[in-house]
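Peer 1: The structure's right below; bear with me while I get my questions together.
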Amino acid sequence: MKARLGSLLVLATLVTASNAACSIQRLKRLPNEKSDECTDVDGGKHVLNTYWQKNCEWCFCEKTAITCCTKTLIPVSYDKKRCQRQFHSENCTYSVVERTNPGKTCPVNGWTI
């Protein structure tokens, strides 16, 4: 019980610190399925009470659900006529650059998840 509370505290801290949006996938266990692991939507197996990172999300395996929280901030308030956003999958971030000169960054006044 202490381990689970500790894990939930860590997840809550990550969510709060990153201002992340989360989704919860309730688990439907089959009679022959192990109860000490989770199976994600891609068929990946994860040990109970563990974290992993996939597709720019942090995920956590609980006994009844998998919780995944995005860690990507999306620029929303910038000059959309003069500038465009670029996604960098290697570090799950966006940059906003000029359309005519992609080497020059544009100011961003607001971000969202």
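Including glycine, each Cβ sits where the backbone N, Cα and C put it.
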Peer 1: C22, C92: which one closes the disulfide with C56 in Swiss-Prot?
Peer 2: C92
Peer 1: Where Swiss-Prot annotates a disulfide for C59, which of C61, C68 is the other cysteine?
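Peer 2: Matching partner in the record: C68.
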Peer 1: C38 pairs with which of C22, C61 in a disulfide, per Swiss-Prot?
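Peer 2: Going by Swiss-Prot, C38 is disulfide-bonded to C61.
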Peer 1: With the disulphide bonds as Swiss-Prot has them, who is the partner of C22, out of C69, C83?
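Peer 2: Going by Swiss-Prot, C22 is disulfide-bonded to C69.
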Peer 1: Could you list the residues of the same chain, at least six apart in sequence, whose Cβ is under 8 A from the Cβ of C68 (disulfide bond)?
Peer 2: C22, S23, Q25, K54, E57, W58, C59, F60
Peer 1: Given the disulfide-bonded residues C38, C69, C83, C106, which lie close to C56 (disulfide bond), meaning Cα to Cα within 10 A?
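Peer 2: Within 10 Å Cα-Cα: C69.
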Peer 1: Taking the Cβ of C92 (disulfide bond) as centre, how many other Cβ atoms lie within 10 Å?
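Peer 2: If we count other Cβ atoms within 10 Å of C92 (disulfide bond), we arrive at 15.
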Peer 1: Counting across all protein chains shown, how many other Cβ atoms sit within 10 Å of the Cβ of C22 (disulfide bond)?
Peer 2: 16
Peer 1: On a simple 10 Å Cβ count over all chains shown, which one of the disulfide-bonded residues C38, C59 is most densely packed?
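Peer 2: That would be C38, with the most Cβ atoms nearby.
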